[in-house]
Every structure is written in C-alpha cells, then in structure tokens.
Amino acid sequence: MLFTSVSDIMGKLAVFSLAVIALAAFVGERLVALRHVLLYSRELTQNYLPNCHLIEGIEYGAEDITMLDDGLAFLSTGLKYPGLPSYSDDPGKIYTLNLLDSELKIKALNIKGDFDKDSFNPHGISLYTDNKDGAIYLFVVNHPQGKSQVEIFRFVENENALQYIKTIKHELLHNVNDIVAVGTESFYATNDHYFINEILKLVEHFLSLPWSDVVYYSPQTVQVVTGGFPSANGINISPDKRHLYVSNILKHKISVVEIQKNTVLSHVKEVDVGSLCDNIEVDRESGDLWLGCHPNGLKFLLSDPNDPPGSEVIRIENILSEKPRVTQVYSDDGSVIVGSSVATQYGGKLLIGTVYQKALICDLKL
C-alpha cells in the first residue's frame, strides 16, 4: 500500500495556496486597472451651452452624426449593441437634419433597392463626395443579427432617399465600430474588439489586450494597417487627407497616424483627452476635432436610469502642433442627455448625439 507523506500533502497545499494568492492578486490588480480605465469615480461639473433643446423625433439614440459642407447632417439612429440598453425593437434608421432650417426638423431617409431594411442596425457612418460627378455616398456600419458589414448608399437628395449600392463583408471586418470613406468603394474602419464571442470580448477588456485594429478596404486591397489599441472606436481623416485620427477610447487618447503611399499608417502622436471619447468629427475649415465622450465609463456600462451616465463634448484645436489645445465645450451629469457619442458643429450650432437616448442641439460659444 502506498502512503502520501504529511510533508507531500503540506507541500501541495502550499503550492495551491500560493497559486490562489497569485490569482487573487492578479484579479485585484485587473479590477483596480479597470476602475482607472473606466474613470469610475469621476464626477462632472455641469458646463452648459445657451439655448439647448432636444431634437424632436430622436428617442432611441443618434450614435453617429456626420455633416455635408452645406449644413445637412446625417444621423445614425436605433443602434442595438450587446450589453447596452435598447428601448425599441424597430429597425434602425438614417435621418437628415438641415442646420440652416429654423424649424430643425428631422427627415427619415427612404432606402431604395434590394436591401433588408427590417434588420438594419446602423452604427458608424461616413460621407464621401465624388469629385468627378458630385455624387454623394453614405457608408454605414451595419450589424444585422449581430454581424459586422458595411453598406454603401448613394444619396438622392431630390427624393430624400438612399439608393442601395452594395454590401461589403470580409473576415478582417469582424467587429466594425466606425468608418471613414476615402473613395466611392474604399474606406478605413476600426474594429473595437479582436474576438467575436461576447464572453471573450469581456476577457479581452479585462486583460486590456491591445488587439484592436484599423483596416483599409478597397476592391483591390484589404489589410490591417495599424493596431495595438485596447479598443479602437471613432475614426476620421484630416481635411488634407494626410492624417487619420483614431479614438483610443480605453486609454483616454486620440491617436494620430500618417497615411503613407502604400496605405500603411505610421504613428505620429497621441493626445490625452481625459475622457472615454467615442466618435470623431473634423471641421473641414479649421481642422479642429469634435468628440462625443463618456466621462464615466462605469456609469455608461451600468446604464442605471436612477444614476444615468453623463455626457461630455471635447474640442481639440491644432492637433498636429506641439501643443494642441484640448477644451471641454459641454458637460452634463445625465439630467439632460445620456451617453454622448458624437458631436459636430455648423453655423454656430453644436449637435450632440447619444448611443441609445436622444440628440441635443445648442448655440455654440466660440
């Protein structure tokens, strides 16, 4: 008969105890790190703008907003995203809002063509104007049945409609969050996660894995052009088309990268913003960046209606200079608007969208 000595048992218990202690220390360190990443203790001082009012008809979010040069804004609404509230089972829609119209009434765009409108779940959007014929294209990140794909539409202004052109799917476009169009069928897009499985996505954030990336797509080329982000969210391009701006949301930074001739991106700098900034809009004249941000990520994830997440708008001036100017333009504790994800300005007006709630427009103090 074989006997296990007391010393062997004690040795195994010691190893097991050390493993438990090490695991507990690791989990504790990760939780502390996540609390820091989420800015869990941050409280806002309200910073309001004059003459603010909610946009009538926007009740289920305007996650992304982008603008034409003439002040016509396009709003992506009704996003259904895992882990976040959704208060309507209706399909998502794209609206327009003319900021030069004194009534500020939204108009739903009719989608024409062979397109499944019932599963439309729009996320990030981008506009592209073809210099050859002036045609305007709207690129939309779509998540039908939780998948990721990109829809290309042509804007038919006199019919207030979007003509469906094509759907783009690719294995590299697996968790698309935002997009910036650079041609009639080409774009850069961010993947905000590496994994597709929802549980593994949580593990990815828990471990702060820097596996999120930016993908370039054209009919001839599809490739990852830069990576190393814990989560890449918003993306946009400079007015001269030489630089891309990527929201490194979990590091509270905006990453600046330069576009090379072969479409590969080279890192230039990072700018601290002190908030979890989502989508990026770029002023075509000044080059300023306008950011819709989540000032307290824990409140945003919990989405408690009794303690709602706040909203923050940040502006970056002279981002390519040695000393960019980062200023808070608007902030609210959730009593007016919940979970801001985008902001854009035109003609002295600031338009603020949210992930799942409302949209706000204010007079801008410049």
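Note: Cβ is positioned from N, Cα and C throughout, glycine not excepted.
Here's what TrEMBL has on this protein:
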ACT_SITE  His123  active site, proton acceptor
BINDING   Glu63, Asp64, Ile125, Asn177, Asp178, Asn233, Asp278, Asn279  Ca(2+) binding site
DISULFID  Cys52-Cys362  disulfide bond
Euclidean distance between Cα atoms of the residue listed as 'active site, proton acceptor' and Asp178 (Ca(2+) binding site), Å: 7
Cβ within 8 Å of the mean position of the Cβ atoms of Glu63, Asp64, Ile125, Asn177, Asp178, Asn233, Asp278, Asn279: remaining residues of the chain near Ca(2+): Ser76, His123, Gly124, Val141, Gly234, Ser341, Val342
Least Cβ-crowded entry, counting other Cβ within 10 Å, from the binding-site residues listed as Asn177, Asn233, Asn279: Asn233
Between Asn279 (Ca(2+) binding site) and Cys52 (disulfide bond): CA-CA distance (Å): 21
Cys52, Cys362 as disulfide-bonded residues, winner by CB count within 10 A: Cys362
Other CB atoms within 10 A, centred on Asp178 (Ca(2+) binding site): 28
Alpha-carbon spacing, Asn177 (Ca(2+) binding site) to Cys362 (disulfide bond), which is rounded to whole Å: 27
Cβ neighbours of Ile125 (Ca(2+) binding site) where a neighbour is any other Cβ within 10 Å: 26
